[in-house]
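Here the structure is laid out as structure tokens; the discussion comes afterwards.
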């Protein structure tokens, strides 16, 4: 019986990802000026309109509209939109004690099947969209690629069954030439061999809406793309636009850190860590850590780690402008991020 899985990933120019990058780029600017910033930012773009809202508690003071315009121009390559910024801004009182807590559920996962400690289907999908973007930016032969694109990969067990590339072509290159270049320069370098693989390039119609000029996007609509490709449970809230003290963000990163540490220490082949938070309480109301073979590491991780968001920020050193880089190609598997380091469990007795 077939064991089919479908994973998708989107390019940096996808409208939802543009909004995520703007939200996290703006967050980085606040953190650069005030590491204790508390923020929840939302970005909506549609047909030439760009709206930025949310709430911010920070001592940082700068022109948010100018930063948003600069971010959009860097991402999209033009500045044809005029942002409307309406953020509820306030400054913390002296000696403010920030309240911790929030209602959320987050999950972290790791597996030894790839060097990134991520599911192989997800790694392949993200590698394909990253290659699409790299070729579009650096190789004149791929001028036909527009920023808005998506990849879907179907697996049957461990084998790639189908690869679908979707993007908005410029119409100046024949369909056959587009397909040949995509096969030879995008798909084959990633898969190594396409024998037995069905490769489809814009199989039904032209895809894409032209970034935010002829399409629409919003923060938080690509949470599967941001985490584990929909193969693993993911949190109920967006990551982008949230400051690192948010349990949505701090919890997701800590759950990944713990799961990867369990696998990297050789305790299991894969691990899933789940955390649940509620209002008015810093400690999670749920901590669970298990392996795919049923081993329970919950008591071990509870004894080793403090899952309060403020302590997570300290342990992983999160109060820094790190986050725009996470807003495309996924938040996990990046060697330069602190939650991708590991804690060695190998010498700790399993409880």
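Note: Cβ is positioned from N, Cα and C throughout, glycine not excepted.
TrEMBL labels come from automatic prediction, so no person has curated them.
Taken straight from TrEMBL:
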- 8-77: domain 'S-adenosylmethionine synthetase N-terminal' (DOMAIN)
- 102-205: domain 'S-adenosylmethionine synthetase central' (DOMAIN)
- 213-340: domain 'S-adenosylmethionine synthetase C-terminal' (DOMAIN)
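Residue counts for the domain 'S-adenosylmethionine synthetase C-terminal' (213-340) under DSSP, split into helix (H, G, I), strand (E, B) and coil, are 44 helix, 19 strand, 65 coil.
Across the range of the domain 'S-adenosylmethionine synthetase N-terminal' (8-77), the DSSP-based residue counts are 32 helix, 21 strand, 17 coil.
The average per-residue pLDDT of the prediction over the domain 'S-adenosylmethionine synthetase central' (102-205) is 93, rounded to a whole number.
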